[in-house]
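Visitor: Annotation source TrEMBL lists transmembrane segment at 25-45, 65-88, 108-125, 131-151, 158-175, 218-237, 249-267, 279-302, 322-345, 351-371.
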Amino acid sequence: MRTDSSPQSPPHRLLSIDILRGFDMLWITGLKYFIIYTLVATQYIPNREAARSHTYLSQLDHVSWQGFHFYDLIFPLFLFLTGITIPLSITSKLQSGSATKTQLTIRCIRRLLLLIILGMIHQIHGLPERWPSVLGFIGLSYFIAAMLAIYTPRIIQLAYIPIALITYYLAIRFIPFNGHPAGTLTIDANLPSYIDSLIIPAKHMLIPKTPFDPEGPFMAIAGAALAMLGVYAGYILTNQNTKPIKRVGQLLILGLAAIFIAYLWSFDLPIIKQIWSSSFILAAAGCCFLLTAIFYLVIDVINFKPFNTLLFPLQLYGQNALAVYMIGPAIGITALLTSITAPILHNFSTATQLATIQALILITQTIYLYIFHKKRIFLRV
């Protein structure tokens, strides 16, 4: 891990990608809880649990198993954006001759190992025995996609997506396992989790009894397909032979097509985020393509400076995503702010206290990210 004096500056750096990543990080680091607790405090909903059954607020929680909510998109969006950076960095370095394949491979291996380690550190207080992690899953999926980008032509890179998704589907659909018939898909019994349990001891998975872990290594086969879809979006965005508005159209078409295919596929293979089912990958990728198109159109194509200035806080989060993800838990920001505000807020309702603390967390994060920006400190792996 290192701190750079400047953000990565590939030849075709896109402000929209930083801002979209920042939008994603804002949800990861607490915006959801601020919204829900504020609505409880203002008595729009009676309690936290009511949000889970609310027509719209339920979108701020993960689906328990089958289906798709807005909040199920947050992690896949980050992985998709990680894929977009591959053409912006790795591929551009190969094309310019500024780095060799060996140098880039070593860098990717280093990144993979660091993300696995940082992922375990991030969850050390809540899940000290767990080996898989969000960062580790991103690292492994990114590594597979990066190796494809470095060592194979684009046609092979593109072919990986259907090959991986169809193979993953066929395995789930037609391979019996551990006494269960082929096609069994419950949180207690599913093929991806079973294969992961052969790789990782059950006691080191999220749910040892089942065993089950949504960030297991076998599932990274599908995760890499999502990253490769991000790579393809990156190729579209960096294609200087097409006009920007045409790139927007291509992203929109791909997004709608992916969602349509996911919908059809879901009749045979349900959309299940927790095992990264092939239908889920396409549903998530479709939404990611659409969001990328919208952000790119508004921020980079229309490029209305006053509006982009209003989005500067999101840019701060997007430029230093790893910092904001790691620093909060490292300093115990929630416990710290709770202890500081307790004497002031003790007469207020619990929901008001929690909403205030979440607001202070977001403000504190924004302040130190702004300081990092001014000091040109950017945490990288």
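Glycine is no exception: its Cβ is also placed from the backbone N, Cα and C atoms.
Keep in mind the model is a prediction, meaning the values are calculated, not measured.
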Visitor: With Cβ-Cβ distances below 8 Å as the criterion, list the same-chain residues six or more beyond the ends of the transmembrane segment (65-88) that contact it, or say none.
Guide: 8, 10-14, 17, 20-21, 24-25, 27-28, 32, 58-59, 134, 137-138, 141-142, 145-146, 149, 186-187, 223, 226-235, 237-238, 270-274, 280-281, 283-285, 287-288, 291-292, 321
Visitor: Is the transmembrane segment (25-45) in contact with the transmembrane segment (218-237), using three or more Cβ pairs under 8 angstroms as the rule and ignoring pairs under 6 apart in sequence?
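Guide: Touching, no - the transmembrane segment (218-237) and the transmembrane segment (25-45) miss the threshold of 3 or more Cβ pairs under 8 Å.
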Visitor: Do any residues, 6 or more residues outside the transmembrane segment (322-345), come within under 8 Å Cβ-to-Cβ of it, and if so which ones?
Guide: 25, 28-29, 118, 121-122, 125, 135, 352-353, 356-357, 360-361, 364-365, 368-369, 372, 377-381
Visitor: Are there three or more C-beta pairs under 8 angstroms joining the transmembrane segment (108-125) and the transmembrane segment (351-371), sequence spacing 6 or more?
Guide: no
Visitor: Restricting to the same chain and to residues at least six past its boundaries, which positions have a Cβ under 8 Å from a Cβ of the transmembrane segment (279-302)?
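Guide: For the transmembrane segment (279-302), the far contacts come to 14-17, 19-20, 23, 68, 72-73, 76-77, 80-81, 84, 165, 222, 225-226, 229-230, 233, 237, 244-245, 247-248, 251-252, 254-263, 265-266, 269-273, 308, 311.
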Visitor: Quickly jot the same-chain residues contacting the transmembrane segment (108-125) by Cβ under 8 Å, restricted to those at least six beyond its ends, or write none.
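Guide: For the transmembrane segment (108-125), the sequence-distant neighbours (Cβ-Cβ under 8 Å, at least 6 residues beyond its ends) are 1, 90, 131-140, 142-143, 146-147, 150, 322, 325-326, 329, 381.
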